[in-house]
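Engineer: Feature annotation from TrEMBL assigns region 'Disordered' to 649-680. The transmembrane segment annotation in TrEMBL covers 36-58, 221-240, 247-270, 303-323, 353-373, 401-431, 553-577, 583-616.
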Amino acid sequence: MDSKRISSASQQQVRLRQKRTKREWRPLEDRSCTDLPWFLLFTVFCVGMGSICGFTIATGGAARLIFGYDSYGNTCGRRNERIEGVQLSGLDHTDRKFVFFLDPCNIDIVQRKIKSMALCVSLCPPEELKTHQDLKRFAMTNGSDLCSYELPAHRYPALPERFSRCPKLPVPRSKPLPLFNRCTPVDVSCYARFAEAVVTFVGDSSVLHRLIAGVAASKEIIVGLCVLALALSMVLMVIIRYISAVLVWILTSLVVLGSLAGTSVLWWLYIDHRLYANDTSSKDPKEAKQEAPEGQRDGGQALLVYAAAATIFTIILLLLMLFMRKRVALTIALFHVAGKVFIHLPLLTLQPFITFLALLLFWVYWILVLLFLGTTGNPEQNEETGLTEFRLTGSLQYLTWYHAVGLVWISEFILACQQMTVAGAVVTYYFTRDKNRLPVTPILSSVLRLVRYHLGTVAKGSFIITLVKVPRLVLMYVHNQLKGRENVCARCLLKSCICCLWCLEKCLNYLNQNAYAATAINSTSFCTSARDAFVILVENALRVATINAVGDFVLFLGKVLIMTCTAFAGVLLLNYQRDYAEWLLPLIIVCLFSFLVAHCFLSIFEIVVDVLFLCFAIDTKYNDGTPGKEFFMDKALMEFVESSRRLERAGGRGRSRVKEAASEGAEMKPMKYVDLRPES
């Protein structure tokens, strides 16, 4: 009895395990909240990010950044409290609202800050001041002292401290910087020298000035070309389905022809080398040995190895092309259907704008809070300069690290929200049999499902990427700081770790994207969706490899096409304007921007193709086209499935005929006895 109970219990466990592993996909049904604890954790983390901002505001860091502060710790435009141990602190600067640097051009390139004494003044000098007498006249007339507070204005020309406590002469004409109340020189020649120091490849300062002048003169054309790149990217996403087949077969032909040509050239070089060696060997052996050094003999062996390796590579490539030609056809069909998706869901083209706007707003907030943190903390005097600086001490130093991790996690969260939104809309399109009955706004419906059910899943997926990206960024920072000082082994180890983490991050990004699509279909948690998507991808590994290899290269060609078209238009427009002596830098800016825009738009197209493939793989796995198990797929994918089935049936008939012929030939026939004995 006990053994029967044990066996029945084990059978029940097997059935439960099979139920867990063999999931019934139910698209767009049974919605429920997923990964709720991770949503709560992400909410708490965001509250912590907001608390850092509140802390900087409460402790005066935000006020010091916006209103500015002098080298004695006094905030400009406010009544200040005295700082213990700091002379000239605690002054009333209600009437002194602007920060003035005694030497604004003394810039520390490494630390990226101005190494100059700062004072709070009531007025920035509107004209150039060449002598200390001019400083005295300006202070007596406008009540704005440009030297240190303890120096009386009427004695500026005679004081010995005027060389260290007064501004460097001549004092350039300056204007207050909007919003941040800093006196900024109108002539930014010193900042141009700073740019020249940063851009080390510019040897002649006149070249930099001419390039900047070219950008300023052609700004209207640059804006127009950027708009052209946006328009071309949006058009390409719609028409790429018509040119994808041409691009794919052109790519395939070029790869095959290139490999054949390379192999032929290597064999020709080897044969030519052998003929030359035979000619020299026909001469006197001593002369031939002198004329043919050892390097040439080694060169012949190297050419033979290269030619043999190229031959093997070409044979493998041709076999791959032969066996994967049907999967290339699947890539073309998916591109065709993806173009239809953008026609039925035109709001998908707005996703790059929305994502970029969300990232831009977050990055601006993050940079502001980071600047607030730079002016928050306890006042300390710099031993080298004697100036007062505010620094975080003790456990407060970890606020910067917390803020840095927040940059990565929340940025990845925003990108993951885009992936989930696109996946939800594409899933709705694919699993709706009658495309005329699609929701009015599938994108909005996908956003609402994301906000209502799946924010926790997105938070968990983005956190996994953060766990990989943060160590990689830290290692990159360490490698940059130790450049030139570490030994060869340490440098190799760091680069290897960085490379491995980068590869792991790319793999996790791809798996996360498919996990979001599985969540959009089945409304399952992140881990369950990732496992289910991984099983589907492994079952279709060759198809995945083909789509990623061929599809990514086609999309790369699309990016290059947009960039070259924009660059060609830029050359025509900039060359037409004969006044522009230097249009190289504007053209480079336009090319970079057009490639970035094309990448943003075609990345959406890539997400659509990947989600369509996952839906197609699920559709073909659980449906066969019979009544009750009809396919959800589009007509183009249906044609691909039908052609694949015809090829399989033809191959099956061929294999059955071969088996029948083999079985007939294998039948045993009676053996004839032959007497080989000699006759007597």
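Any Cβ shown, glycine's included, is placed from N, Cα and C.
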Engineer: Give the nonlocal contacts of the transmembrane segment (36-58) in its own chain as ranges (CB under 8 Å, at least six residues past its ends).
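Structural biologist: For the transmembrane segment (36-58), the nonlocal Cβ contacts are 365, 369, 372-373, 375-376, 399, 402-403, 406, 409-410, 413, 455-457, 459-460, 463, 526.
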Engineer: Determine which recorded stretch among 221-240, 247-270, 353-373, 401-431, 553-577 has the most C-beta pairs below 8 angstroms with the transmembrane segment (303-323).
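Structural biologist: Most Cβ pairs under 8 Å with the transmembrane segment (303-323) come from 247-270.
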Engineer: Quick check: do the transmembrane segment (553-577) and the transmembrane segment (247-270) share at least 3 Cβ pairs under 8 Å, counting only pairs 6+ apart in sequence?
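Structural biologist: The transmembrane segment (247-270) and the transmembrane segment (553-577): touching, yes.
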Engineer: For the transmembrane segment (583-616), I need the partner stretch with the highest count of C-beta pairs below 8 angstroms, choosing only from 221-240, 247-270, 353-373.
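Structural biologist: Most Cβ pairs under 8 Å with the transmembrane segment (583-616) come from 221-240.
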Engineer: Give the nonlocal contacts of the transmembrane segment (221-240) in its own chain as ranges (CB under 8 Å, at least six residues past its ends).
Structural biologist: 215, 335, 338-339, 342-343, 349, 554, 558, 561-563, 565-566, 569-570, 573-574, 577, 586, 589-590, 593-594, 597-598, 600-602, 604-605
